[in-house]
Amino acid sequence: MAQAPARAASAVRLFDAHCHLQDPRVVAVAPALIRVATASGVARFAVNGTSEKDWHLVKQMAEDHPAVVPCFGLHPWWVPERSPDWMDSLRRFFTETPEAAVGEIGLDKGSHGKTIDFGEQVEVFQRQLELAKELERPVSVHCVRAFGDLLEILKQTGPFPAGVLVHSYMGSAEMVSGLANLGCYFSLSGFLTGMKSTKAKQMLKYPWIEFF
């Protein structure tokens, strides 16, 4: 009897470009999730920190699991909780973890983000972008309803040769080329199905778009 072909998944090597395996809701089962996903063809996992409270968990996870790419950053939702020496602490994590990327950082004017002072969000975001450029690290960016602000800030700080991933992109198709010229790449999530079809089709024409 002829041998059955190997599962298609085993021939595909995937990169989970944005996840939060350190989240308290899943951290206990993260090792099992990594094993199952690895067996299904996921080669690497970019685990994004969000605040000073979880950077050590991300670092430990990367030490325990070679497939994990650690990312350290202060997410806009946690800007009000930052300590006075948060930037020194962040820099220390990058010194101790040369393979780490910067993330998750960004801007948010959504339902939760609008409760957080936008000026503070911008200041924290800019400082982390400058650090990423200084250290030549890739960046993972969260942006909700602030794409015009994002483009202007990236213009002031960029370009970014190490790359910037704008995940779950929901901005206009017209902004894609301007952001891409600064070193940005884009991921599209299930929210794409809620867009007008003409807008979605316009974005999908660009070669910088990736699906995650």
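Using N, Cα and C of the backbone, Cβ positions are placed for all residues, glycine too.
Feature annotations, courtesy of TrEMBL:
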- His18, His20, Glu104: divalent metal cation 1 binding site (BINDING)
- His142, His167: divalent metal cation 2 binding site (BINDING)
Proximal but sequence-remote residues of the same chain as His142 (divalent metal cation 2 binding site) (Cβ under 8 Å, at least 6 apart):
His75, Pro76, Glu104, Ile105, Gly106, Leu107, Asp108, His167, Ser168
With an 8 Å cut-off on Cβ distance to the His18, His20, Glu104 Cβ center, who else from the chain surrounds the divalent metal cation 1 site?
Cys19, Ala46, Val47, Asn48, Thr50, Cys71, Gly103, Ser140, His142, His167
Neighbour count (Cβ, 10 Å) for His167 (divalent metal cation 2 binding site):
22
Counting across all protein chains present, how many other Cβ atoms fall within 10 Å of the Cβ of His20 (divalent metal cation 1 binding site)?
19
Report, as a single number, how many Cβ atoms besides its own are within 10 Å of the Cβ of Glu104 (divalent metal cation 1 binding site).
28
